Amino acid sequence: MDSVSASGAQRQDEGLRERIRSSQAVDVNAVDQALATAGYGVTTDSRKNDNKKTFGRTPDGTVFTVPQTHDMVSQLLSPTEPKTVSDFVVLAILATHILIFVALAPEARISVFAAIYMFWRTSYNGGIGWLLHNQSHHNTMVRWATKSKIFVNPSTGENPHPTLYRLLKRDMETMIPEDYSFDDAPLEYNTWLVFRRIVDVILMCDFASYCLFALACGSRPENETALMTTLRWAAGWVLVLFNLWVKLDAHRVVKDFAWYWGDFFFLIDQELTFDGVFEMAPHPMYSVGYAGYYGISLMAASYKVLFISIIAHAAQFAFLVLVENPHIDRVYNPPPPRKRSIQHDSKDLHALNNSQTSPISDSFPATPDDKAAMRQPAPSSVHNLLGLHNLDLHRVTDSSVILIQLLVFALTVLTPSTPFYQYLFVANAAIWRCWYSIGIGYILHRQSKYKSWTRHFVKYGENTDEAWRQWKGSYHLSMTMCYASFIAATWKMYTMPSDWNHGLALLKHTLGFSLVALQIWTSVSIYDSLGEFGWFFGDFFFDAQSKLTYSGIYRFLNNPERVLGLAGLWGAALITSKGAIIFLALLSHVLTLAFIQLVERPHMQKLYGRSLRQDAGLVKSLKRSLPPPLQQLGGSVDRMMDESFEFVEELLDSARPKLATGVNTFMKDAKSLFRQYPARITISRLDDEVAAGYDLEDYSLEIEGTESSPSAQVERSSGKEGVHARAPPERRGDLKSLIFEYGAPIRVKWTAPLNHSKRDWVGLYMVTDNTRREVTRVSSQGRWIATNEGAYDSLTCEKGLISSDIVISASRRRDGENRDLASGEMVFSGDKLFWTTGVFEFRYHHNGKHNVMAISRPFEIRIGRFDEDDVLNMDNNTTSSNSDAIIQAAIEEALLPVVRNCFDRDPEIAPETYDEHFGSLVDRDGKYAKRVVFAVHQMFGIELAPEVVRADGNVRNMAWRICNAKKVLAPYSMSRSRGTSTPTTQEKELS
């Protein structure tokens, strides 16, 4: 696409501080009505001013006016802003840092302030990260505020902290003089205000302690000239000022709401415009927003400051990946609506079941949906190549790549680093780079113009999918060899510094490895944006989309591989400081630019024409900041580059016939030459309350679940046992063994004394995991539910809770006791279940600890095996022509309830019919497909990859695939009725 709209669903790669516009526009009349209901006055005369206000929306739907607030620095340091008690506390802490710095001896300042800074940095990335993670998943901070009642007016008599209430009210209303009332504001907003004051303390102390640490480490290197000192300080100040501009411009765009992670608490209904720094780089607050750290390191001329800056920067990226990005995906990028089932008439379904497939090279013929997919422009991506998680040694491409890499590694390590071998490795790297750029470029150029690669495979009866697979393998092998040979050459040319403190050795290694990391990040970002199809130039082989999509790193750069994608090569050149590696890096850069200009660009222009954008976000921002004469100069340079490449193209076109003639002559001579010359002790500590008087007879657990299929019951006595064990077991009571369906929800009913602890909880365990009945010694791993709502600072532990503390009178007790009981119900489903087979039990625990008060009956989760012989024997109309259709229909019937269980019976993703498509969340979260894979393996003995489940997309396609897989594997089966097996005695006699 030409440009990407700024909707939250489409900017998933942005940082949290780049909050996107709301999902819907504000209905002013509805807002006025909601505000009036909440007690806010809205008059007709103020209609014009209302359009400038920001409205917030809490998770429960409450709409409120979000008042204007000021940034942290202005609030603390501006004399025009009113000061609060918390402001003076922050200023006092900052002053304490300065006093400590002055009081310490110079030699002690470095270690002390390194420790202080790391404390505040850990508080930032670890402490704030932990708070935000729990707020995002469990609404923890708001629940704390609710339980502590610190925002409840003391006049009601419910607030146990009236002094804290008055202090917070005075501070907040002083800090926000307009459009704000502490008593009327929503709980979420007040909680956010308190949270941002904590953030103010941490951020200010983090930056202040860093600056003091840099000041303690600052020095001037020996023998440094005045010119070098001037340049060093000038470059440092440029980076610091650039950092300051990034922060100010980012705050101008996102305001305090996103600056302080406001959408972890509430959302705003407002259109946000993102420009400036957000067009320059991804996550500018965390990427280019840390340039000042390196500027300060440069001015301090200290490796200590540089390395602690790198550690802080890495911690910030970890904070982004682990805390912010998951929240962004959950809030702003929900799964799209699922595809509903498409109704077919009976004739279509009959034709679908009885369709015959033509022989193809794959072991599994294409399913009905696969046949439709073959008419689509792009192939389905099931068995990807890139990434260690996609490594498959059964695939010839992967095994070849691994073997060749081992060979390169062995040659690199075992050969000496003499000039001869150095020259050999450098020449090898140059040859592979030439092949990777020129050879691959020639193939793609021919494919773009004449479809020559595809035509070759069609000539031998193959299809486009086979051509695509072979191309991916060739390109993947070429790419890995290109970089492996470069790494080998770098290793041969590298010499370990004898003195790391001499010269710029340490700095060059640091910058070099940083450039390598930058190239790795760029490659990962490119792959995330393009996918497997784009990475392997899929639009050279299949019809492309009518509109380009600029997402991810391509929002900022048109061709990121042109500069950032080669940063690691220059990093290696910087580390080795050898002319040969510099030559390889320069050669690689020139060839890559030529590949983009001569191969990629013409093809993209042919496909997309005017829809190709001219300038990316970064270029637009830079052009806007340049004066008009320099902008014209940039256009002139672009024209000169285009004319130069056109001249080179014309030169190559004119020389091609002569080169072709020479190559043919060389090949003939070479062939003639080859023809001529062939040749422990456990002590359990019980809670005092348990020993003090709780009667264990008052506690009980009863469970209900969906019984497993009859085949699962039969498999317990299948003829493999001794003679006496084949008969059903004799039972002396009316209770039978509990065998439940795989993945089906399990309802748990509990009873406890009326005065039981509100922090009691029930957990699910495997029977073999706990050897003691009175104490649980294994963690529940999230498979637990609290008996009462609000007892824990987590929403997850309340998921599945149905009822609590329903009184059961003594007259209804079965054991004859005369005490009333409390009871409740809960349902374990989804992530609270074990997704495997085995024997399990529920345990009731006391007061948030692991003392066991009651244990349920053990129950088994078993998946019955599918027996096609039974299916055929039950159908009297079975013939050889319709047996496959009957078996496939039976597989569909057996598979549908299992798939629904694997998808948590969620109406958004679980299918209702055989043809209904799976929800899009199945593609995002791999756990659902892995559950189905396990169930299919247990039921049918067929092992599928999770990617196949996602690609099939519905139960009918999966049933078809399983049916055909069983047919393919039938010759290797020991079944009597299916496939070619060893002849039986009767068959021998008949023969």
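Placed from the backbone N, Cα and C atoms, the Cβ positions cover glycine too.
Annotation source Swiss-Prot lists compositional bias 'Polar residues' at 1-10 (among others).
For 11-21 (among others), the entry in Swiss-Prot reads compositional bias 'Basic and acidic residues'.
What Swiss-Prot records for 352-361 (among others) is compositional bias 'Polar residues'.
Residues or ranges marked as compositional bias 'Polar residues' by Swiss-Prot: 706-716 (among others).
Look at Swiss-Prot and you will find 717-730 (among others) tagged as compositional bias 'Basic and acidic residues'.
Taken from Swiss-Prot, the feature region 'Disordered' applies to 1-21 (among others).
If you look up Swiss-Prot, you'll see 352-376 (among others) marked as region 'Disordered'.
The region 'Disordered' annotation in Swiss-Prot covers 705-730 (among others).
As annotated by Swiss-Prot, topological domain 'Lumenal' applies to 1-84 (among others).
The topological domain 'Cytoplasmic' annotation in Swiss-Prot covers 106-111 (among others). Here the topological domain 'Cytoplasmic' (106-111) has, by DSSP, the following mix of helix, strand and coil residues: 6 helix, 0 strand, 0 coil.
The topological domain 'Lumenal' annotation in Swiss-Prot covers 133-197 (among others).
The topological domain 'Cytoplasmic' annotation in Swiss-Prot covers 219-225 (among others) and rests on sequence analysis. Residues 232, 300-302 of the same chain sit 6 or more residues outside the topological domain 'Cytoplasmic' (219-225) yet have a Cβ under 8 Å from a Cβ within it.
Positions annotated as topological domain 'Lumenal' by Swiss-Prot: 247-279 (among others). Assigned with DSSP, the residues of the topological domain 'Lumenal' (247-279) fall into helix, strand and coil as follows: 20 helix, 3 strand, 10 coil.
The topological domain 'Lumenal' annotation in Swiss-Prot covers 324-400 (among others).
The DSSP breakdown of the topological domain 'Lumenal' (445-472) into helical (H, G, I), extended (E, B) and coil residues amounts to 23 helix, 0 strand, 5 coil. According to Swiss-Prot, the topological domain 'Lumenal' annotation covers 445-472 (among others).
Counting residues 6+ beyond its ends, the topological domain 'Cytoplasmic' (496-510) has Cβ neighbours under 8 Å at 303, 306-307, 310, 574-575, 577 in the same chain. As annotated by Swiss-Prot, topological domain 'Cytoplasmic' applies to 496-510 (among others).
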Can we call the transmembrane segment (303-323) and the transmembrane segment (112-132) in contact, meaning three or more C-beta pairs below 8 angstroms at a sequence separation of 6+?
yes
Note the mean pLDDT of the topological domain 'Lumenal' (324-400), expressed as a whole number.
61
Could you tell me whether the transmembrane segment (198-218) and the transmembrane segment (424-444) are in contact, taking contact to mean 3+ Cβ pairs under 8 Å with a sequence separation of 6 or more?
no
For the topological domain 'Cytoplasmic' (219-225), the number of residues DSSP places in helix, strand and coil
0 helix, 0 strand, 7 coil
Can you find at least 3 Cβ pairs under 8 Å between the transmembrane segment (473-495) and the transmembrane segment (579-599), where each pair is 6 or more residues apart in sequence?
yes
Going through 112-132, 198-218, 226-246, 401-421 one by one, which has the most CB pairs that fall under 8 Å from the transmembrane segment (85-105)?
198-218
In DSSP terms, the topological domain 'Cytoplasmic' (496-510) comprises 6 helix, 0 strand, 9 coil
Chain residues outside the transmembrane segment (226-246) and at least six past its termini with a C-beta under 8 angstroms from it:
220, 277, 284-285, 288-299, 301
